[in-house]
Every structure is written in structure tokens, then in C-alpha cells.
Amino acid sequence: MSTRADFDRYLVPTYAPADFVPVLGAGSRVWDQAGREYLDFAGGIAVNALGHCHPALVMALEEQATKIWHVSNVFTNEPALLLAKRLVDATFAERAFFCNSGAEANEAALKLARRVAHDRFGAHKHKILSAFNSFHGRTLFTVNVGGQPKYSDGFGPKPEGIAYFEYNNIESLTQLIDDDTAAVILEPIQGEGGVLPATPEFLQAARELCNKHNALLIFDEVQTGVGRTGKLFAYEHYGVVPDILSSAKSLGGGFPIGAMLTTADLAQHFGVGVHGTTYGGNALACAVAGALLDVVNSPEVLDGVIAKHQHFIKRLELINGQFGVFSAFRGMGLLIGCVLEEKYAGRAKEILDLCSKNGLMILMAGPNVIRFAPSLIISENDIDEGLARFTEALKKFLG
Ligand SMILES: *Cc1c(COP(=O)(O)O)cnc(C)c1O
């Protein structure tokens, strides 16, 4: 029998997981070793887009598991070919590159942007511009592109050619961008940074500034993609089309996979041998992602996300009318941020822990924001029950 205490005994202490160990999940419910039940508003950090053990995903995984798992990219495979076609058919993109995580999808996006700039304009054009407080992953390059020094400091010399502008500040980006800029990378909604949506004017201006300076626009949709906001990808809400888009998290619904999407013209710059990864396009991962896309990319699920958002916000406003803990609710679709009132600043973790004790799994987005990223097909009944547990936790929080 394993216990939570084994975490501290055997794992590198990069995390401080909750004091219970989930063992079973079905839909938006999870059970721990002691048989206690939880409502899941965390969704594995915006990953479990169809909840736990969705029958269509279980079937895809089991079916593929008896056929072939992995062949590497020395050979291709049917699930990867089918998934690439689905993604191309459903988006602006004409080509896909598969990898295993969000950080790798961004790493590929950033390398591609630098390669394109290098091939077309020369080595001087290499600058990557990114927003303060953004998050793009934890590899040594992506963590430095992310605008949060607490994650990138303390690892020795930093890679060159990265500069930061203020999110949603057109003037700040205009000042920074120049003809040596290879790419601007943006989250349409800053997820880890506090569930902060971009303004339409800002994304539009970023597009125009990139065009003017021959820079590429990269949208990091690792958190906002695959139905999370009520469109397949968040850029569709804004009518601003990127040159490169990164996806992961919800794409596999719990099976690790990432993808970089781009145009045929740009994809040419990643010729044979220029970039690669052993697991990218793994048959099991692509089979699950293909099945997930079939379910998520439908009017029923996407419109449902919008309806569930409204339901959440209506209930949250009622709850807040009672407690006055939050100053604002932010986000789109089923990526929702509850911003703590000034007087409760820094105390999101306390609320998260109280929710665990009351049978509700939630997330934070920084110390001042409670984040919900539940299954895209969570029922209204589960939302209501989860929010009842949330209400209990807030009562305890206020003492
Ligand atoms: C989670 C996240 C990443 C990193 O994804 P990993 O799979 O953890 O590498 C990158 N960008 C955004 C916007 C994310 O939310």
C-alpha cells in the first residue's frame, strides 16, 4: 500500500500535492484511497476536457492498445495522420507537429519562429517578445520566455534575445517590437498568470505590429484550446489568426500530447532533421486525442461550455453576494478566475485547502485568484453540488 507520505520519501520535492491520493475517477467525480468523494473543478489543470474515464476515450485507448503503441517518427502511424487531418480541417493551420507537452509545443513554436527569421532575414532577426506574467512552460528556454522571474531566476545564464511587454498594453508592445523581432508570443487568456483575458484591441494590434515588422504571431493555447473557452480555439472569439499555435493540456484529455500548428509556408522551414522528438505522434496519444476532438468539436459541447459558464457566473455572483470574498469573476467558457478582494489578498491557498477538506478539487492562478477548469461536459447538477461545497469552504474561510 502506498500513502501520501511516500511522496516526501521518494519524489523530488518540486510539488506539494494535497494530503489525499485520488484512486478512481468517473465524469466529474473522484474518489480517494479512503473512499471519500470529490467534485472535480480542477480537471487535472484544464486537461480532463471530458472528465475522468470518458467511454469514448477509454474505447479509443483500449482499441489502439491492442493494435500498435509506438513506432517513432522513423515510421508514421494512422492515429497521427488522422489527428493531423482533423486539426488542419478544424483550424487556420495547414500542418501539425506533435510532441508530448505544452512546453514542448511552445519550444517547437519558438524554434520554428527563430528558424523562419534566420532563413528569411538572417541571424540578427531573432528576438522573442513575450508578456510580463505570462507562462509558457518549464524547459530552460520556455521558462525564460515566460514573464515570471520567480520561475526563471536561479538557473545561471539566461538565453539571449527575449524581451517583455505589458499584457493588454498596446503602447508597451509598440515600443518594444522592431525589425529584429522574430516573434511575439501571447496567451489569449493568461492562465497561470491569473485568468486574465486579452482585449480584442490588443490582439488585433499585436497582429498588425507583427505584420508591419515581419514578425510571427504565436498564440499559446495550451490552456485555452480544445473547447475550453466555448470555441475550439480561443483565437476564434477574437477573429485574430496567429501564424503558429501551440496546444496541449485538453488535447489529450489526460493522455500526454502536445501539438504545434502552423501554415504550410512556415512549416517548410522545419525540414527533415531540423527538429524532432521520439514520442511525438505516439499512436496511443493520437488515438485518444482524435476521439476527444470528435466529441469536443461539436456544437452541443461547445455551446454547452458557454451555457455552463453563464450558470457558473450566476451562481458565483449569488454566493459572493452572501460573502463578499471576490472582487471580480474573469475568464471565458470553463476557464474561470475568481479574484480575491484586496483584504483577502494572498489567501487563495487557504481556500483551496478548505475545498479539499470539503470534497472539492479546485485550482489557484497565483496567490489571489481561485481558478476553475472543470470538464467541458460537467452537468449542472455537478456544478451546483461543487459550488455548495465551495460555499461551505468559504464559510469556514471566513471563520
Ligand atoms: C500549462 C501551460 C504550459 C505548459 O504545459 P506543460 O504541458 O506543463 O509543459 C504552457 N503554456 C500555457 C499557457 C500553459 O497553461
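Every residue gets a Cβ built from N, Cα and C, even glycine.
Keep in mind it's a predicted model, so treat the numbers as computed, not measured.
In sequence order, His136, Gly137, Asp220, Val222, Gln223, Ser246, Ala248, Lys249, Gly258 are the residues near Gly102 (pyridoxal 5'-phosphate binding site), counting only same-chain partners six or more apart with C-beta under 8 A. Per TrEMBL, the feature pyridoxal 5'-phosphate binding site maps to Gly102, Ala103, Phe135, Asp220, Glu221, Val222, Gln223, Thr278.
Counting only same-chain residues at least 6 apart in sequence, those with a Cβ under 8 Å from the Cβ of Thr277 (N(2)-acetyl-L-ornithine binding site) are Asn73, Cys99, Asn100, Glu104. The N(2)-acetyl-L-ornithine binding site annotation in TrEMBL covers Arg138, Thr277.
Residues annotated as N6-(pyridoxal phosphate)lysine in TrEMBL: Lys249. Lys249 (N6-(pyridoxal phosphate)lysine): 29 other CB atoms within 10 A of its CB, across all protein chains. Look at Lys249 (N6-(pyridoxal phosphate)lysine): DSSP puts it in a helix.
In this structure, the binding-site residues that sit close to ligand 1, with a C-beta under 6 angstroms from any of its atoms, are Gly102, Gln223, chosen from Gly102, Glu221, Gln223, Thr277.
Around the Cβ of Glu221 (pyridoxal 5'-phosphate binding site), a 10 Å sphere holds 32 further Cβ atoms from the protein chains shown. The maximal spread of the pyridoxal 5'-phosphate binding site, taken as the longest Cα to Cα distance among Gly102, Ala103, Phe135, Asp220, Glu221, Val222, Gln223, Thr278, is 25 Å.
For Thr278 (pyridoxal 5'-phosphate binding site), the count of additional Cβ atoms within 10 Å of its Cβ stands at 11 [all protein chains shown].
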